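K.L.:
Look at Swiss-Prot and you will find Glu171, Arg217, His444, Arg481 tagged as L-aspartate binding site, backed by sequence analysis. Taken from Swiss-Prot, the feature ATP binding site applies to Arg217, Asp218, Glu219, Gln226, Glu474, Gly526, Phe527, Asp528, Arg529, supported by sequence analysis. For 195-198, the entry in Swiss-Prot reads region 'Aspartate'. Residues annotated as site 'Important for tRNA non-discrimination' in Swiss-Prot, with sequence analysis given as evidence: His30, Gly80.
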Amino acid sequence: MRSHFCTEISEKDVGKIVKVAGWCNTYRDHGGVVFIDLRDKSGLVQLVCDPSSKAYEKALEVRSEFVLVAKGKVRLRGAGLENPKLKTGKIEIVLEELIIENKSATPPIEIGNKHVNEDLRLKYRYLDLRSPNSYEIFKLRSEVALITRNTLAQKGFLEIETPILSKTTPEGARDYLVPSRVHEGEFFALPQSPQLFKQLLMVGGMDRYFQIARCFRDEDLRADRQPEFTQIDAEMSFCDENDVMGVVEDLLQEIFKAVGHTISKPFKRMPYKEAMENYGSDKPDLRFELPLIEVGDCFRDSSNAIFSNTAKDPKNKRIKALNVKGADALFSRSVLKELEEFVRQFGAKGLAYLQIKEDEIKGPLVKFLSEKGLKNILERTDAQVGDIVFFGAGDKKIVLDYMGRLRLKVAETLDLIDKDALNFLWVVNFPMFEKTENGYHAAHHPFTMPKNIECEDIEEVEAHAYDVVLNGVELGGGSIRIHKEEMQKKVFEKINIHEEEAQKKFGFLLEALKFGAPPHGGFAIGFDRLIMLMTKSHSIRDVIAFPKTQKASCLLTNAPSPINEEQLRELHIRLRK
């Protein structure tokens, strides 16, 4: 039906007869001469038709988004009529034949216009997908999936599918449940991850497994979250952290070659505690400096009770400083006020600072500091004339969080971030357990191997866990797993999953661990998030063919939707009014 895609045609084809197919992107009638911009997956090419052409009458019928097949001769555009914005901007096709394969209603959205209301774009997603930019996103997505399969297959991994209808298990989010028609009152759960099945594959001697897995989590959505998503999932037997990290680094190196990036290995590694203390995040963006600096001891003799009391409890509280070089000339009073309002959103009670002037130091903290304390702060933060040093004080978790966010906010405000840089990082030595209102729970998941389970302070127990971070975004992570029944039971006890509950929820896993489970570990990389970063897309919804909204609904199909009484009866379900 066609000889070329639109953007395959160039000056070398001048004089040739070509056949192209696609949609009418724009239609113009200039004094009897008709111009049509034809669009296909590759981009645009201009068709031109004057009254002398036998295709002219048909060309007059064309409107936006009509489906066309066009045949004609390639020629150079006239002098001064070239379009440098188009790949085909130097040529045009003089129409000889034109077929209207299908007409179109007036489109409710402009194809390729990202400023159109997103709900409208999602409702008419099949139109939104027609833009060449969308095609390039899904072309890359397909290429990355193929690279993943080829790379892991070369390393001896087998692609194995795990069940979608599974058992509900606690993994940090709510499960999507599927009622069983056959087993009245019982439910399947859609998998939040293939975690337990891939561990069972290792028990089964599969040695190295992977799949590009569909996962489901019923959780509150954010810009980078979806209720159903895809991850590159893998597991290895007889391995340690270094082995797993090596596979991930090799895989990411091959993947990023697809977009012309050469990334070096090994990636930098940073302990979790260092990441939190120095950057206020377990996924720090290292494309710029601005470290957080501990200055608690400088406030021990401060006359400000809030700061001095905080300084006396270094286990649970923190005083962090952030020196922003040259900020005094760049940050007006209104900007400082905006930054204070920003950190208040995350639990700060205010934002103290010191402005380093030529002949004095200004700021609300100056009068509360001793001469020695002030001197130590200036030395430790390397504060020079023109700098502003910001301070956060209070509960450790809250301070690290809002000061880490302030660090990012300042970097964005001052344009300190190299948008083209790729800064990969491993964050390691995560805490095994986290405190909640109801005791402790597993920070990653309860199948992670702890490093020092006998430690008296449960909050100091570390996990054989690791996250891979790119430019401040968690790409994925993994861990070495527990492969002995006794250790698995011990971890369950630490998080108040006692024997009876453990058997009910995880009896099949505990049983499997009795039969010679090998040491094993693995990883998962968020596939959608990876493609979002590689394409510099604004939202994860841009890289999923038919995404859900932030309210977990599909505007295209109106899912979820009610079901009729007969279906409910078959499933033994009665709805409460």
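Placement of Cβ uses the backbone N, Cα and C atoms for every residue, glycine included.
For each listed feature, how buried is it and what is near it?
P.N.:
DSSP gives Arg481 (L-aspartate binding site) a strand state. Residues near Arg481 (L-aspartate binding site) in space but far in sequence (CB under 8 A, at least 6 apart, same chain), listed by position: Gln199, Met202, Phe447, Thr448, Met449, His520, Gly521, Gly522.
Listed in sequence order, Asp282, Lys283, Asp467, Val468, Gly526, Arg529 are the same-chain residues six or more apart from Glu474 (ATP binding site) with CB atoms under 8 A from its CB.
The average pLDDT for the region 'Aspartate' (195-198) in the predicted structure is 97.
Under DSSP, His30 (site 'Important for tRNA non-discrimination') is assigned to a strand (E or B) in the three-state scheme. A simple way to gauge crowding: the CB of His30 (site 'Important for tRNA non-discrimination') has 8 other CB atoms within 10 angstroms, across all the protein chains here.
In this view, Gly80 (site 'Important for tRNA non-discrimination') is surrounded by 5 other Cβ atoms within 10 Å of its Cβ, with every protein chain counted.
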K.L.:
Within 10 Å of the Cβ of Phe527 (ATP binding site), how many other Cβ atoms can be counted across all chains shown?
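P.N.:
I get 25 for this one.
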K.L.:
Under a criterion of Cβ-Cβ distance under 8 Å and sequence separation of at least 6, what residues of the same chain contact Glu219 (ATP binding site)?
P.N.:
Ala173, Arg174, Arg225, Pro227
K.L.:
Only counting partners 6 or more residues apart, tell me which same-chain residues put their Cβ under 8 Å from the Cβ of Arg217 (L-aspartate binding site).
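P.N.:
Long-range Cβ contacts: Ala173, Arg174, Asp175, Tyr176, Gln192, Arg225, Pro227, Phe229.
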K.L.:
Please report the Cα separation of Phe527 (ATP binding site) and His30 (site 'Important for tRNA non-discrimination') in Å, rounded to an integer.
P.N.:
47
K.L.:
Which value in Å gives the longest Cα to Cα span across the ATP site residues Arg217, Asp218, Glu219, Gln226, Glu474, Gly526, Phe527, Asp528, Arg529 as recorded?
P.N.:
20
K.L.:
Within 10 angstroms of the C-beta of His444 (L-aspartate binding site), what count of other C-beta atoms is obtained when all protein chains are considered?
P.N.:
21
K.L.:
When the region 'Aspartate' (195-198) is classified with DSSP, how many of its residues are helical, how many are strand and how many are coil?
P.N.:
4 helix, 0 strand, 0 coil
K.L.:
C-alpha of His30 (site 'Important for tRNA non-discrimination') to C-alpha of Gly80 (site 'Important for tRNA non-discrimination'): distance in Å?
P.N.:
16
